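Participant: Let me give you the structure first, and then I'll get to my questions.
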Ligand code: C5P
């Protein structure tokens with residue numbers, strides 16, 4: 001059983017920052033991705049519920065599209081969320097990295113563990129969230145959930161014109177590769193230092209901690225923690241929700 005179901009070690013509290021300010025261009029035209037519905041409920045609400053489902057998470061900071069901050073606040077008010085959890089909403093920035101930084105900037109004192117979770121991964125199971133928290137509590141400064149790859153991966157020289165053939169530069173050994181998901185978990189002080197120190201544009205938070213020279217560890221991810229990126233992912237997400245509904249018997 002996960003340690004997270006037991007009371008927190010004295011004074012150790014966990015907050016989750018959910019960057020949700022991306023436009024979701026690859027999903028096609030429409031509302032910002034996080035506000036699009038999955039089975040009638042905005043993706044963001046699914047993601048917030050997924051993180052708040054962990055008994056260890058007592059604060060969720062949603063980083064909203066800047067023009068939609070008020071709408072996100074009313075969405076959080078309108079949907080049933082656990083009473084033990086507090087919520088904050090802040091406007092996001094130009095990049096994911098900047099959005100996460102804005103979330104970190106408003107974290108009150110007393111939260112020593114921070115999770116960063118993409119709103120675009122609305123279906124992450126609570127056991128994955130708890131496994132990440134457990135590993136941070138056990139002393140890792142940064143923890144990422146990840147899965148082995150099904151596909152072989154090639155490094156290429158990217159084409160200047162889309163669709164042109166691309167020369168292959170290398171084939172990394174698949175057994176050593178992992179596809180990384182969220183929530184990623186951090187010792188708060190480490191993550192804040194990473195965001196103050198690393199200025200390169202990165203696609204995840206753990207890589208900033210790697211650049212500080214600290215060890216990042218991987219724990220098993222889950223296939224339902226996939227990122228909703230393209231239109232087909234919406235179909236898959238709704239199928240997962242339908243299966244859960246059947247299994248829950250309502
Ligand atoms: O673009 P990508 O799919 O990597 O985005 C991952 C997450 O980061 C999404 O939940 C998206 O809403 C968020 N994001 C953000 N601010 C941005 C860009 C992306 O909060 N400027």
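Any Cβ shown, glycine's included, is placed from N, Cα and C.
TrEMBL labels come from automatic prediction, so no person has curated them.
So TrEMBL lists the following for this protein:
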type	residues	note
SITE	26	site 'Transition state stabilizer'
SITE	33	site 'Transition state stabilizer'
SITE	174	site 'Positions MEP for the nucleophilic attack'
SITE	227	site 'Positions MEP for the nucleophilic attack'
Participant: Enumerate same-chain residues with a sequence separation of six or more from residue 26 (site 'Transition state stabilizer') and a Cβ-Cβ distance below 8 A; give 'none' if the list is empty.
Facilitator: 229, 230
Participant: Does DSSP put residue 227 (site 'Positions MEP for the nucleophilic attack') in a helix, in a strand, or in coil?
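Facilitator: It is coil.
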Participant: Given the recorded sites 33, 227, which one's Cβ is surrounded by the fewest other Cβ atoms within 10 Å?
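Facilitator: Each of the recorded sites 33, 227 was scored by Cβ atoms within 10 Å; lowest is 227.
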Participant: Could you round the CA separation between residue 33 (site 'Transition state stabilizer') and residue 227 (site 'Positions MEP for the nucleophilic attack') to a whole angstrom and send it over?
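Facilitator: On Cα coordinates alone, these residues lie 11 Å apart.
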Participant: Enter the number of other CB atoms within 10 angstroms of the CB of residue 174 (site 'Positions MEP for the nucleophilic attack').
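Facilitator: Its Cβ shell of radius 10 Å holds 12 other Cβ atoms.
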Participant: In whole Å, note down how far the CA of residue 174 (site 'Positions MEP for the nucleophilic attack') lies from the CA of residue 227 (site 'Positions MEP for the nucleophilic attack').
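Facilitator: Roughly 21 Å, rounded to the nearest whole number.
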